[in-house]
Amino acid sequence: MGKKVFKPAVSDIDAGTHHERLYDKALHPWRAKLRRSLIPLVRAETPHLATMQRLVRTPLLDQYFLWTANLGTHTFFMVSLPILVWFDTMSMAKSVACIAAFGVFLSGFVKDFMCLPRPLSPPVHRLSMSKSTSLEYGFPSTHSTNSISVALFVVAVTCESVSPEARALIKLGAIVYAGSVVMGRIYCGMHTFTDVVGGSILAYILYWFQWTFKDQFDGLFTAETIIPTLIAAAICLALVGLHPDPIERCPCFEDSVCFMGVLVGVFPGGWLCAHSDYCTMGQQTLALVHSSAPVAVAIVLAKLVLGVASLFLWRIACKRVCYFILPPIYRAFNLPHRKFEIGARAYKSLNRESIHPIPSVLDLHDLSVKHAEHVGIQSSIDLHEKRAYDKVQYRGTNADGEEGGCGGNCNERLHNGRHTKDVYDPTTELVAEDAPLRYDVDIVTKLIVYAGIGCLAVFGVPLMFQFCGLSS
């Protein structure tokens, strides 16, 4: 489990506790100007979101939107896409993987580029099963980008060859899926309408690009030479290096690295599989078609267990090897590292570092709304926003010192739906960061691990299925 680190807000300039001029000074002028133009929109929506939550929240809706939020995460796609590959939908899986990967990368890129906060809590209540989500910036919504882009693409592909009745059902399912994820981000207090609109625009761009160049994309894997897929993998690696550094600590970059790593493995692995009859047969479902119901169920379960276990074993073994080999290399050549990472010369060894077989995205022992509801400061980003909010409440000014909005009612502020006196609490000077410590070798380790997962999912595991007689 990740360590919960509490640190004084005043001790670190990167904690986001300073005046807005910090962003103007740290960011490129036009980047800071763009941020200034959008942040009033985000902050203006916070009281409206709090009011909406008080009016419409119910226990049933809390459970529904809390669970459907998982359908828009990068983790959901990284778990479900290999299953599509293993059951004879390789082409669809590769296209959706590309859309989802670039959705995570581009939305994370814009988040760290813009540094726009999430709705402030309080007054907004946040519902989330993932502790790391609150550490991210808000604009644009990655959930909206992923769910809408994938829904549009799946509808476009499947509706080409189905009956009108089936087409209507597919469209209805896509609307319910995307609508539940998108509206859930607002209902759960994780995003503003501005965030969702930004994510939706990005989603349509990704869908249009993937649909327009679908044939060219598929042609990468059927080309006579592997060179085009290697070039595509190299481009994905180069994009990782272009990701901007945020002002505060934000895990968006790590998510981008994971999904770009998957594509780095999928491109060459997909080409190898397309040029291997043995691998192609490993994706087929003929064994299911020609088997009785009990045998078919057993085959499905066997493929799922073997496939998922293979990916988890690879993750454990590869990460352990990387933790053994990479630190001495980083130390010997004094390789640079990104912001908020611990350099190799600051630690001796990572051999005792615990490695979980499953990424700790969800706390499976606490999935109730009680434990998923968060009110209060959860990150350094939140702390900066709270100070900006308090400045409005007490002085009638915005965070930049301009005249604004609370008039004579500044002695009270909204908290949990009630007006209460604002009493100083020294614990608000501490920032809780639930993300584990990150080492300089973690980025390269993630790239290697997830590239291997991508290659195994589309090439190694289908070979194993065919060898075990589970496919044809």
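Even glycines carry a Cβ here, placed using N, Cα and C.
What you are looking at is a predicted structure, and each value in this text was computed from that prediction instead of being measured.
As given in TrEMBL:
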- 64-86: transmembrane segment (TRANSMEM)
- 92-110: transmembrane segment (TRANSMEM)
- 93-211: domain 'Phosphatidic acid phosphatase type 2/haloperoxidase' (DOMAIN)
- 193-213: transmembrane segment (TRANSMEM)
- 219-240: transmembrane segment (TRANSMEM)
- 252-272: transmembrane segment (TRANSMEM)
- 292-314: transmembrane segment (TRANSMEM)
- 447-467: transmembrane segment (TRANSMEM)
Contacting positions for the transmembrane segment (219-240) when only residues 6+ beyond its ends and CB under 8 Å are counted: 94, 101, 105, 256-257, 260, 263-265, 267-268, 270-274, 443, 447
Composition by DSSP (helix, strand, coil) of residues within the domain 'Phosphatidic acid phosphatase type 2/haloperoxidase' (93-211): 86 helix, 2 strand, 31 coil
Cβ-Cβ under 8 Å with the transmembrane segment (447-467): same-chain residues at least 6 beyond its ends: 78, 81-82, 85-86, 90, 93-94, 97, 237, 240, 257-266, 268-270, 272-273, 276, 278-283, 303, 306-307, 310-311, 314-315, 318-319, 322
The domain 'Phosphatidic acid phosphatase type 2/haloperoxidase' (93-211) [mean pLDDT, rounded to integer]: 91
Positions whose Cβ lies under 8 angstroms from the transmembrane segment (252-272), at least six residues beyond its ends: 74, 78, 90, 94, 97-98, 100-101, 104-105, 107-109, 111-112, 136-137, 142, 220-221, 223, 226, 229-230, 232-233, 236-237, 239-240, 243, 246, 279, 338, 438, 442-443, 446-460
